[in-house]
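Below is one structure; the comments refer to it alone.
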Amino acid sequence: MLHDPIMSAQKIQVAVIGGGLVGLSTALCIIECLPQCSVTVISEEFSPNTTGDVAAGCLIPHVYPDTPLHQQKAWFKETFNYLFKIANSSEASEAGIYLISGWQIFKSAPKEVYPFWSETVLGFRIMDETELAKFQSYKFGQAFTTLKCQASQYLPWMEKRFKSKGGYVEKRKVIDVWDLHGTYDVVVNCSGLGSRDLFGDQSIYPVQGQVLEVNAPWIKHFIRDGDGSTYIYPGISYVTLGGTRKKDDWSCLPNAQTSKVILERCCHLEPSLYGAPVIQEKAGLRPTRSALRIVKDVLVKNGQQLPVIHNYGHGGGGFSIHWGTANEATKLLQQLIPFIHHFKLVSKL
Ligand SMILES: Cc1cc2nc3c(=O)[nH]c(=O)nc-3n(C[C@H](O)[C@H](O)[C@H](O)COP(=O)(O)OP(=O)(O)OC[C@H]3O[C@@H](n4cnc5c(N)ncnc54)[C@H](O)[C@@H]3O)c2cc1C
Ligand SMILES: *[C@@H]1O[C@H](CO)[C@@H](O)[C@H](O)[C@H]1NC(C)=O
Ligand SMILES: *[C@@H]1O[C@H](CO)[C@@H](O)[C@H](O)[C@H]1NC(C)=O
Ligand SMILES: *[C@@H]1O[C@H](CO)[C@@H](O)[C@H](O)[C@H]1NC(C)=O
């Protein structure tokens, strides 16, 4: 698409910081819903170098203790329904979105036998004894069908759709958010852990996770320990085995000893994995907070104002809710649009 400078000049200039799962989905949602905006994604890293590229990308919600549960439920449902449509379309294989069935197993029955998301996933039921007989020392399990996003396809697919709708992408690090003032009318902050330096948010921290990708094409069913420690998720060309959760560990380098432990735990649940060739080991940092932060904010400096919409803190569950949170951030931006002119005027005074 040709960039028309006159049309663009009249448009509201939106900068989205962050080109990971959250930044790309938010940018795409804005450009689809708010045609009066010109949107630029500015990011230091893109796929295959973002957190989502490490993840298995399975839609099983993670619970954010300080975010109201009804919101988490709504965001999960929106995301599930949106991706279910993509999985059911001719775009599915390019987008890397597909259905996956399996088991979540527990050593003892959890407090909530039917979690809040049980009515959104497909065919949720309690496992029977013959199924549980596969697992020594597991006494309870849930069987269901959910969706999985292959990040190495899904992220580039979103970027392509975003660009085809007139969006711009820039690869660079934003050192000071005020450098964007003047060029952009609004900043959308989807910088994940980058928020710590950029916005001085000390309440966000990394929870490091390591995974292995193995060649085991016979695995068709996912198996996840309900405590989140061990999981086996079949993907398109490999099976993801995990995992670890190390709070405040900033290392993105996989550790050989940790890989050995992960492999042992997974083989214990699924003995057919013994000897499966390891393709790759990866580690990533979940941008974690006790609550997601999706709010409007106005930065003020020397009498100048810069409206910001934050959308970060997705931690270990970004895939499960990203489309719902992208919609939420887009709604906040829409509420701000009538006042954009005011912010520009204040800044000129
Ligand atoms: C091992 C592991 C397994 C996981 N499994 C699942 C799963 O099965 N299901 C699920 O739902 N979730 C899962 N997750 C969580 C999911 O991957 C994350 O919630 C999600 O990827 C976070 O996306 P994000 O866009 O917020 O962060 P990021 O991908 O970290 O993106 C942040 C972006 O901001 C950019 N940035 C930061 N600061 C600046 C700056 N100053 N200037 C310019 N750019 C900047 C970075 O370069 C990066 O591109 C998993 C995570 C890990 C680590
Ligand atoms: C990802 O990181 C590698 C290693 O730093 C780099 O060579 C590559 O260009 C990066 N890819 C993208 C798309 O930025
Ligand atoms: C799936 O696709 C079929 C055929 O196009 C359509 O009739 C159906 O409504 C779709 N379902 C969903 C959930 O997208
Ligand atoms: C962006 O969000 C991060 C948290 O991820 C925060 O630390 C940072 O201060 C925010 N940036 C701005 C400009 O508000």
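Yeah, the Cβs are placed from backbone N, Cα and C, and that goes for glycine too.
Database features (TrEMBL):
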- 14-331: domain 'FAD dependent oxidoreductase' (DOMAIN)
- Val174: FAD binding site (BINDING)
- Tyr231, Arg286, Gly316: D-dopa binding site (BINDING)
Item to check | Cβ neighbour count (within 10 Å, all chains shown) around Gly316 (D-dopa binding site) | outcome: 21
Item to check | Contacting binding-site residues, sequence order - Val174, Tyr231, Arg286, Gly316 vs ligand 1, Cβ under 6 Å | outcome: Val174, Arg286, Gly316
Item to check | Longest CA-CA distance among Tyr231, Arg286, Gly316, per record bound to D-dopa, angstrom | outcome: 16
Next on the checklist: Cβ within 8 angstroms of the Cβ centroid of Tyr231, Arg286, Gly316: which residues besides those meet this for the D-dopa site?
Outcome noted: Ala55, His62, Val207, Gly209, Gly228, Gly242, Gly243, Arg245, Gly315, Gly317
Item to check | DSSP-derived class (H/G/I helix, E/B strand, else coil) of Arg286 (D-dopa binding site) | outcome: strand
Checklist entry - Taking DSSP three-state, what's Gly316 (D-dopa binding site) in: helix, strand or coil? => result helix
